[in-house]
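All remarks here apply to the structure that follows.
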Amino acid sequence: MRSLDKFKIWVLLICLVSELGHGFYLPGSYPHKYGVGDFLNVKVNSLTSIDTELPYSYYSLPFCQPQEGVKDSAENLGELLMGDRIENSPYRFKMYMNETEIFLCQTKPLSGEEFKLLKKRIDEMYQVNLILDNLPAIRYTRKDGYFLRWTGYPIGIKVQDAYYVFNHLKFTVLVHKYEETNVARVMGTGDAAEVISTIGNGGSEAPGYEVVGFEVVPCSVQHTPDSVKNLNIYNKYPTPIKCDPTTVAMAIKENEPVSFTYEVNFVESDIKWPSRWDAYLKMEGAKVHWFSILNSLMVITFLAGIVLVIFLRTVRRDLTRYEELDKEAQAQMNEELSGWKLVVSDVFRAPSNPALLCVMVGDGVQILGMGVVTIMFAALGFMSPASRGTLITGMLFFYMILGVVAGYVAVRLWRTIFCGNHKGWVSVSWKAACFFPGIAFFILTTLNFLLWGSHSTGAIPFSLFVVLILLWFCISVPLTLLGGYFGAKAPHIEYPVRTNQIPREIPPQKYPSWLLVLGAGTLPFGTLFIELFFIMSSLWMGRVYYVFGFLLIVMILLVVVCAEVSLVLTYMHLCVEDWKWWWKSFFASGSVAIYIFLYSVNYLIFDLKSLSGPVSATLYLGYSLFMVLAIMLATGTVGFLSSFWFVHYLFSSVKLD
């Protein structure tokens, strides 16, 4: 029996290795084979605009509705939080069967309210987002000799004082002939899955195809009401329709209906299924993107190396010279060279607001761990753009699970500060479980009221609010308390020196120490400001962000630079006999959040010039504040923990009486 099991394992491994030659498909991204004549159903997502950043439902405007009624597609938690509302649409195709002049519907005469709303959405540059086989519709435009790629198409356009709607769509579906393999695999698009066994088959007689591209050309065509009077959905339009995207003809008017038609053309393509997202990822500025990131990595690595080398040489030389001298020479050297040894009895004195520091460090470890794990999974391809919402869902999942680490770190640091005292660990665990989620809940609730007031699909439904609260108090809080329990049982970190009862007076400084702390954030900011531009463009300009491998490298480099900056500033403060290093080490690296927020304001003013309305600006600044708070906790935690390790190592390495 055991030999049979081993044989099965080896067969499975051989099948997996052979499958690598035909493309490796990650979970949630399996291809779907369609036979000729099979129905392809197009879905619609929320209407979006970079002018307002407020998504709205597709059917909030007078568009054609499907015969079976509007139905929501399967959505995950991440899609709901991102404002995606994927629904069915009346557009449907038959695989590899070209169709032209297909009549869709004629709307009722536009009421005054519908007419005003349609004009408003055209002025605000809203885009219609269509989806076929999980691929967004892509639109190509030519400008200055270059082809520009856009996802979706505009609702309409304003020419002089008239408003024109794009009521005829020319679809091009790129298909690739399905390549049979000798391995049975499970396929599906998320709506349905089918097991196709190909072992022993000579290949099916009817060819199968995979959808590898979905392009759309919007046109404004004038339809006469009389010509569509007796037409039903999917009937042939009586006269030929010429789709010319450079001209507009269908002007919308109050109390007049709008007719919608479409055509579809299937083109066989050499693009294979694993490469079908390349058209979306090859956005303009890619070369600048790669060059800028590489340049930033090289410069920051060079600077960080210099700081590290200088710092290690200075400390090592100081320690070596100090240990080689006798006690009398050490006493004389204390005043002349090494001011940090004068604060030996105060360096581990408890900081002000110790509970808040422990809570912020615990939450920072949780956020940092969530970011690293999520980016690692994204870099491996498990959270690709094809799987909508998985990035946000994964972040929530990892954040909740890492509550154990947050509670453990916060309580153990609390016990270390108070030399092993168990008292108060439950309170610290509760605060760690509620501090950052509580602030996030307050910000999101405030912004959600604005979205509710605007009737935007970006508003989180009340039922989802209940789900988030249940996840918080039924999973995250208990896990954080469990981590706090383990932290209370773990041995605390013992200080290498004793602390006097009377604190030492700190000599007056030539310059405010907090000024240096706030300025220290410029170096960590230099590691990520280029990458930050592309992340902001992805969030607010509708571009696809996909270089998670580079983002992981930048994040690792950011952690290293934050640690180095905090170490240097802590050593500088100790050398001038300033023993209050706890909070300063936290904000030395955490101050990078200030520069990120200033960059966000700069991005709002100069890159989002078209952003209109106080609601849109408030949403932007609110989400930016939320992001900045998370970054401050994560980077501040890196700086504090590295400084704590350094101070503990420094004073435990010197022979002191």
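Glycine is treated like the rest: Cβ placed from N, Cα and C.
In TrEMBL, annotation is done automatically, which means it is predicted and not curated.
Record features, source TrEMBL:
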type	residues	note
SIGNAL	1-23	signal peptide
TRANSMEM	290-312	transmembrane segment
TRANSMEM	355-379	transmembrane segment
TRANSMEM	391-411	transmembrane segment
TRANSMEM	432-452	transmembrane segment
TRANSMEM	464-488	transmembrane segment
TRANSMEM	514-540	transmembrane segment
TRANSMEM	546-569	transmembrane segment
TRANSMEM	581-605	transmembrane segment
TRANSMEM	625-651	transmembrane segment
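Taking every listed stretch (391-411, 432-452, 464-488, 546-569, 625-651) in turn, the largest tally of C-beta pairs under 8 A with the transmembrane segment (514-540) is reached by 546-569.
Contacts between the transmembrane segment (391-411) and the transmembrane segment (464-488): present, as 3 or more C-beta pairs lie under 8 angstroms, all at sequence separation of six or more. At the 8 Å Cβ threshold, with sequence separation of at least 6, the transmembrane segment (625-651) comes into contact with the transmembrane segment (432-452) through 3 or more pairs.
Within its own chain, the transmembrane segment (432-452) has Cβ neighbours under 8 Å at 54, 358-360, 362-363, 366-367, 403, 406-407, 410-411, 458-460, 465, 468, 472, 476-477, 480-481, 484, 615, 618-619, 622-623, 625-626, 629-630, 633, counting only residues six or more beyond its boundaries.
Taking Cβ pairs closer than 8 Å, the transmembrane segment (355-379) reaches residues 391, 394-395, 398-399, 402-403, 405-411, 413-414, 417, 424, 427-428, 431-432, 435-436, 548-549, 551-552, 555, 559, 582-583, 586, 630, 633-638, 640-641 in its own chain, all 6 or more past its ends.
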